[in-house]
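J.: Quick one: the structure is below, questions incoming.
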Amino acid sequence: MESNRTRGLNHELSKLFNELWDADENRMKAGKDYRISLQGKAGYVPAGSNQARDSASYPLFQFVDEEKLRSRKTFATFISLLDNYEMDTGVAEVVTPEEIAENNTFLDAILETKVMKIAHDYLVRKNQAKPSRNDFKAQLYTIWFQLYSRAPGQGPDSCGFEHVFVGESKRGKEIMGLHNWVQFYLQEKRKTIDYKGYVGRQNKSRPDHDDQVLNLQFSWKEMVKPIGSSFIGVSPEFEFALYTVVFLTSQEKMTREVVRVEEYEMQIVVNRHGRYIGTAYPVLLSTNNPDLY
C-alpha cells in the first residue's frame, strides 16, 4: 500500500527543505550554543519493555546556552507551551484562556520568520493554504492545537503539538511522541529523562557531536523509548514548517517522504488523525526499524 511504502527521494521537497534549513536564523549552533555527549551505543530493547542497559553515564546535553535560547522569541514562546498538557492519554485535557493566548502568541512569533513565510508561500502555490496570514494561522491552529481523542470512548486528550513536541504516555507504560530537542533538554535538566545512548546508522559507525538529526534511546519517568528520533538545535518554526508541508500536501493516513537535507537523508514521517496531525518525526534512513518510533 502506497501509504506505508518507502518512496524514492522527493527532489521538490528536498529543495524546499534545504531552503528552510538555510533560512533558519534561530537555529542553535552545535559546539557554540550547545554541546552534546553521545557516549555509548544503545542496546536492543523489545517494544513494550521498560528495561534498558544504560550506555550513557552522563546527560546527552552537556551545555545549552539558555540565555540565548530564551532570548529568541520563537524558542521562548515555544517553551511556555511545554507545561500546558496532561501527560497520560485517556485523561481529558482542559485548555484555559491563558493557554489559548500562549498558543496564539507562539504562532504569531513563528509566522514572522523567514522559515514559515517560505513554507506558507509554497503551500499557497500548491493551493493548500490561503494567502492571508490570519487564515494560515487559523489553519495551523486547527492542525496542531485542536484537541482530539486518542483513546476510544474518552474525552479529547491529545493534539498534534502535545504528541510531537511535548510527549505523552499510553496508560503510563509507553512513551508516545516526544521528538523535540528542547523538551528533551529541559526534561533531562529536571532529571525526568535519562539518556541511554545513541542508535547508530548502518552506514556510519557513530554519530558526530555536531549531527543535527539523531536516533536516541532514553527513559522518561520510568518508561523506555527504544528508539526516538529528533532534530537537534533547529528552531521550532523549522520543524513546524517541515511537518505542516508534508501533512498538507498528502491525504494519506501515514506519509513517509524521503528527503535529503544538508548531509542527512531521511524520511519525514507524518501520521494523519483526520484533520489533525497524529505524529511527525524524522527517521535517518539507515535505521533498521522506523516503526518503533
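Cβ coordinates are placed from backbone N, Cα and C, and glycine is handled just like the others.
Copying in the features that Swiss-Prot gives for the protein in this structure:
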type: DOMAIN; residues: 9-286; note: domain 'EndoU'
type: ACT_SITE; residues: His163; note: active site
type: ACT_SITE; residues: His179; note: active site
type: ACT_SITE; residues: Lys225; note: active site
J.: Measuring Cα to Cα, how many Å separate His179 (active site) from His163 (active site)?
T.: 8
J.: Suppose you look only at the domain 'EndoU' (9-286); what would the mean pLDDT be?
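T.: Reported value for the domain 'EndoU' (9-286) is a mean pLDDT of 85.
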J.: Across all chains shown, how many C-beta atoms besides its own are within 10 angstroms of the C-beta of His163 (active site)?
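T.: Taking every protein chain into account, the count is 26.
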J.: Once the DSSP letters are reduced so that anything not helix or strand counts as coil, what is His179 (active site)?
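T.: It is coil.
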